[in-house]
Amino acid sequence: MIEIQNESRRLLDTEDGEDTRVRSEQDAYLDKVKNGKLFLATLAAVLGPLSFGFVLGYSSPAIPELSTITDPRLRLDDDEASWFGSIVTIGAAIGGLLGGWMVDKIGRKLSLMFCSLPYIFGFTIVIAAQNVWMLYLGRVLTGLASGVTSLVVPLYISEIAHERVRGTMGSCVQLMVVTGIMGAYIAGMFLDWRWLAICCSIPPTIMMVFMCFMPETPRFLLSQGKRREAEEAVRFLRGPDAPAEWECARIEDASDDQVSFVLGMADLKDPGVYKPLGVGIMLMLFQQLTGINAIMFYAETIFEEAHFKNSNVATVVVAAIQVVFTAVAALVMDRAGRKLLLILSGVSMCLSTAAFGVYFKLSSETHGNSSGLCLVESPFAENPAVGLSWLALASMGFFITGFSLGWGPIPWLVMSEIFPSRVKGFASSVCVLTNWGSAFIITKTFQDLMDLLTNAGTFWLFSGCCALNIVFTILFVPETKGKTLEQIQTQFKGTPE
């Protein structure tokens, strides 16, 4: 045991000439790791984000049908349809707070299993709905489950994955969210709203069953003093050849200064707490300020103006772009690094939202030109709106590509990597609350913002926010590629104040 402790201390000592030896020890350990069961555990966990994606995607095909349904008790007017879509974010914000408490009290695995229940109950209430309020209740419950999922799954994956694959595994969270959205869009083309809700309840049911056979994370088990169970979990995740005792000792050694797992006000003065908390909050805020909800809001209109008359196919195309490029991000995450992808993503979104602003500006001037002259030379000179719509179409594709490569998956991944064990539940819940709270505010005030600033001004504001997120990334976001969770936390503590 003493030898193991000494090995782990050498691993964590990254100063001066020790770094090369540390790396060789880590690499020697990781060379013995088998990833098969790690991938299986990740697959079981990401059924939660898949369910989350079905929740987000459900409203798009369901709202048009519920707005024209013959039953007056269930028929949605414009205001009710808006609440049907956005009330999920309220439930998710509450779920983020609940998830932060659950992961510390009952663990990551049980939290994930329990969050499948409000998914199932929520969709069951939607299926059995007799009035609009039952629809709202079902959406709040599925939103609550989505909030817990968005906190617990990234945390679970970050704590079971090793540094060589943690970026790829963590990016699968966002990949499965957008896959679920696309699945809901495709299923909605063939199923009515009740059968679609039945379909949406299948992934959380499977997740609850699969998670019964998956381990709790070694870090949580060690925090509870369950050394034997932690070693068994490591053997399950790393295979029989990797020395489980060595990894557990490394985690314990890094946690020697975190004996107390009760958060106090003094912890908020610790740079190892307030620095990652600030980074996590700003990442979540900037993710919503990119304008992603506004772009998705205009997606159907943009496709129609570009003569893609089938809006159902158009939404599937948008979702497919997200799936493809989120998958690309997952594949390159552990090679390119988080920081580079965030910067490239920010540049892409900054330019595309600026182009969107130009589109709206020229469209308004073209439509308001009393002489009937086209202000923009294009192949569609006889119909200026159609010509300009291709600028919007290109901007939308460029934006969604950029978002999917960086600011879609990475904030959730980085959130799961940067917090010390003793504050993970609290800090993660604050980040999730920030994300969903700002999503609700931006979604509900978006129309007022366009009335105040005009369409063009609103998108130029989003472009400015994207420029700010590039600066923030360069100055404050650490690169976490290839580092253990303990090394990342040491980096925050060692940063000059």
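From the backbone N, Cα and C atoms, a Cβ is placed for every residue, glycine too.
Some features that TrEMBL has for this protein:
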- 37-481: domain 'Major facilitator superfamily (MFS) profile' (DOMAIN)
- 38-61: transmembrane segment (TRANSMEM)
- 81-103: transmembrane segment (TRANSMEM)
- 110-130: transmembrane segment (TRANSMEM)
- 136-157: transmembrane segment (TRANSMEM)
- 169-187: transmembrane segment (TRANSMEM)
- 193-214: transmembrane segment (TRANSMEM)
- 277-299: transmembrane segment (TRANSMEM)
- 311-333: transmembrane segment (TRANSMEM)
- 340-360: transmembrane segment (TRANSMEM)
- 388-414: transmembrane segment (TRANSMEM)
- 426-446: transmembrane segment (TRANSMEM)
- 458-477: transmembrane segment (TRANSMEM)
* To do: Could you tell me whether the transmembrane segment (277-299) and the transmembrane segment (169-187) are in contact, taking contact to mean 3+ Cβ pairs under 8 Å with a sequence separation of 6 or more?
  => no
* Asked: Given pairs 6 or more apart, does the transmembrane segment (426-446) have at least three Cβ pairs under 8 Å with the transmembrane segment (277-299)?
  -> yes
* Determine whether the transmembrane segment (136-157) and the transmembrane segment (38-61) share at least three Cβ pairs under 8 Å, counting only pairs 6 or more apart in sequence. => yes
* Asked: Where else in the chain does the transmembrane segment (193-214) make close Cβ contacts, counting only residues six or more beyond its ends and a cut-off under 8 Å?
  -> 40-41, 43-45, 47-48, 50-51, 54-55, 58, 61-62, 65-66, 109, 112-113, 115-117, 119-120, 123-124, 126-127, 138, 145, 180, 184, 187
* Asked: By Cβ distance under 8 Å, which residues at least 6 away from the ends of the transmembrane segment (38-61) in the same chain are close to it?
  -> 84-85, 88, 112, 115-116, 119, 139, 142-143, 145-146, 149-150, 152-153, 156-157, 160-162, 165, 169, 172-185, 187-189, 193, 196-197, 199-200, 203-204, 206-207, 210-211, 213-215, 236-238, 312, 315, 319
* To do: Kindly state the mean pLDDT of the domain 'Major facilitator superfamily (MFS) profile' (37-481) in the predicted structure.
  => 86
